[in-house]
Every structure is written in C-alpha cells, then in structure tokens.
Amino acid sequence: MHISRPRRVAVLSVHTSPLAQPGTGDAGGMNVYVLQSAIQLAKRGVEVEIFTRATSSADAPVVDAAPGVRVRNIAAGPFEGLDKADLPTQLCAFVAGVLREEARHEPGYYSLIHSHYWLSGQVGWLARDRWGVPLVHTAHTLAAVKNLSLAEGDTPEPAARQIGEQQVVAESDRLVANTTDEAKALHELYGADPTRIDVVAPGADLTRYRPGDRDSARASLGLDPGEIVVTFVGRIQPLKAPDVLLRAAAEVISRSPGLPLRILVVGGPSGTGLARPDVLIELARSLGITAQVTFLPPQAPERLADVYRASDLVAVPSYSESFGLVAIEAQACGTPVIAADVGGLGVAVRNGETGLLVQGHRTEDWAGALESLVTAPTRLAELAAQAPRHAENFSWEHTADGLLESYRKAAVNYNNGTGPSDFSPRRARGLWRLRRTGGVRT
C-alpha cells in the first residue's frame, strides 16, 4: 500500500524530553516512543522536529538526536523545580516558543503536527489553527481511565486535565491509540468519533533487546547465578505498583523460606505517594525481606537489556498502562512477564504463553501467580522460549508505518474539510501572511 509522506512533522512533547533517561522523573515509555518513532519516521524520509520544554540551563537550544531528528528545547518557566501539575501555567510561554520558531520559516514549513499527552495537545490545537496543517494526537494516558483504577495513596487526576483532554480529542484531526481498549475508552469516555481513531501499537528496538547469555548478564550486574531473579523496571510511583510485587514476594518467601528469590527494583522517583526509593526500602524492611531485595537506579538502554536478560521473570503490576513497553522489551530479551491485566498489558503479554496476567492487585492473588512460576523452572523456560516470538510482532518500524498511514488520513480529512474543525487552511495561511507582512495583504 502506498503511503504518502509528509515532508516535515512537528512533534510536541511538552512535559518530558525524548532525550531524558526513562525511569526518572516523568520520563518513561512515552519518551522512548517519541524518540524511537521519530527515528523510524526519519528513516522513511520524514524530517522530525521535536519540541520539548527545557529543564536545565545547560540544555542546548537544538540537539540533533539522530539523522533527520532534531530536538528543540523551549525555555518556558523555571528550568528546575517545576512540578508537572504546574506545567499548564507555562503553556503560553511554550506556545510562544514554538510559534516563534515556525515564524522563522515560510508558511507550510511543517506539514503536520503530532502531539503527545494532553498538554502537548493543547499546544498542537493552537498551532494547527495558526499553521493550517493537520493535528494528530496520541494521549498515552487518560485521566478518566487512571481515575477508575487509582492505587492506594495516589492522587486523582484533576478535572482540569480531563476537560483539557476532552478539548484535544474534539479538535484533533486523527487520534492514535495504542490498543483497541484505548480506542474504546476514547470513544466511550471522551466521545471521540471511532472513524477518526487509528490503533497503532508501540514497539521495541529489536536490534537492542534480544536474547543473550544470562550468566554473563548477571555477572555484569553482580547478581548471584543461582538465584531466581524477578525484576521490576519503571518509575517508583503508586501507579506502577512496585509495592504490590514486594508484598507478593514476601508472601512467597514466607511460604518457602529456602527459595532463593531475588527481587530487583530498577527505577527512580516520580509522582506522588510511593515516590522515593527509601519508602520501598522501608517497606522491604517491614516485610522482613531486605536481604532479598536489590535496588538499582534507572539504566541506559544498553544496560537495561542486560537487566532483562539477567532476570527469570519481569513484573509489571501497574494499576493502569496504555500499553507497557517494559513487557515487550523483556519478552524480546527472552524473559517472560507477570503483569496486571489492565489496559494494553493484555495485548503486550500473551497470557499463558509468554507470561501470566493477574486480575486485580490483591497480595494473595499476586503471590499465588508469582509462586506458580518461580517454583516451576520448566514452565518458566517454556514461557521464555515463546516470549521473543511474540515480541517480534512489535517493532518501531511497524509503529512508524502505522503513524504514516494515520498522517495520510489526517491530511485527507483536513484538506477535504472533513476534520473536527471548520477552520479553513487557506484562511490560516492568509492570517499568517498578514502577520508576516505587517498587516499588508500580498
């Protein structure tokens, strides 16, 4: 199928940089998605410029992240110490920076806008109308969905966010959902037109995340080759639920005191509630499993691949996940996954074939599922053998192809006047021409 390609796409990622280390602050799967999809789009002949908010005075205004991929760090508000909840106060400054950059070029410099997360969608909505180009939006997470499955001690998403999401959903020319479940939520909870939603699964870098030697991976991490290693990778926050894994592990250890179980927690602080590693350290102490739990800071991708290879099992106990890149990366390395049956994890993990899906977050349920795997090496080996084959279905190449098709549909809708807005592209270009010529029509 022929897919027409935009010449240059403006990608908006306001609250987190694609260059940030995943697992720290607000950096996670979305950062990986934005950067890796951009790299693959560039390989297909599409120039990508990613606009993100600068968070350090040391951030260069422009960074060439890869051939054809440029990251623009926009100064908007204080560089450090600005809470994510306060970012809406800096959207005007961010918009000004984005529009100022576009104004340096002739109209039509950007063929299309792709916004990620609702804050970026607000910026994209305005830029779309000013530039006269289509807007494609990926939510990544939705307030209404998160609030339906809050972890204990977590803070509900504010009504202002849901209102903002509703506006972006209504104004976008196309919406990209990670899974059919997310597409259903966009329709049922936000009233999105199903015909404007494209389901495009995220992927993994299958050249980096692939099976390897477990013993050498463990040696590089200082892990005992004789232990059964169960690993959590992600931001330490209530939503990701690392405490669920620790409580389940404590129960398993109490049932089988001689079991050589090692829990490896890889990640940094983020969010509210269980936001600091020392809180998890204290939880491990109170559960009596301090000696069986190891904490590591967030790891670079090359090192993270060894973390997956060193593990017998990777746990993803999240309360909400639009997809779950960790699950795909782990399986690509030949490691099965035990995950909560929420959101996109039902797609990322093939239940009973490449891992197990657990209903709910009760300690007894998780302990039972965990015990059924860590005490059955033959079953673990069978799941591990199937895992890479399943992961092969998810690559950033496939993601980029899906995005290009969504971009094509967005352009068709926009140019035919069948998008969500009746704002004419011709009128938009005319307004900019007036602005650029000081109000004199040309």
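From the backbone N, Cα and C atoms, a Cβ is placed for every residue, glycine too.
Within THR290, THR335, THR354, the residue that Swiss-Prot lists together with TYR308, ARG309, SER311 for binding Mg(2+) is THR335. Annotated pair GLU329 (UDP-N-acetyl-alpha-D-glucosamine binding site) and TYR308 (Mg(2+) binding site), C-alpha to C-alpha distance, rounded: 8 Å. Only ASN31, from the binding-site residues HIS15, ASN31, TYR308, ARG309, SER311, THR335, place their Cα within 10 Å of the Cα belonging to GLN21 (UDP-N-acetyl-alpha-D-glucosamine binding site). Using a 10 Å Cβ-Cβ cutoff, GLU329 (UDP-N-acetyl-alpha-D-glucosamine binding site) registers 29 neighbours. DSSP assigns GLN21 (UDP-N-acetyl-alpha-D-glucosamine binding site) to coil in the three-state reduction, outside any helix or strand. The Mg(2+) site is defined by TYR308, ARG309, SER311, THR335, and by the 8 Å test on Cβ atoms against their centroid, the other residues of the chain that qualify are ARG214, ALA217, THR231, ALA305, ASP306, VAL307, ALA310, ASP312, VAL314, ALA330, CYS333, GLY334.
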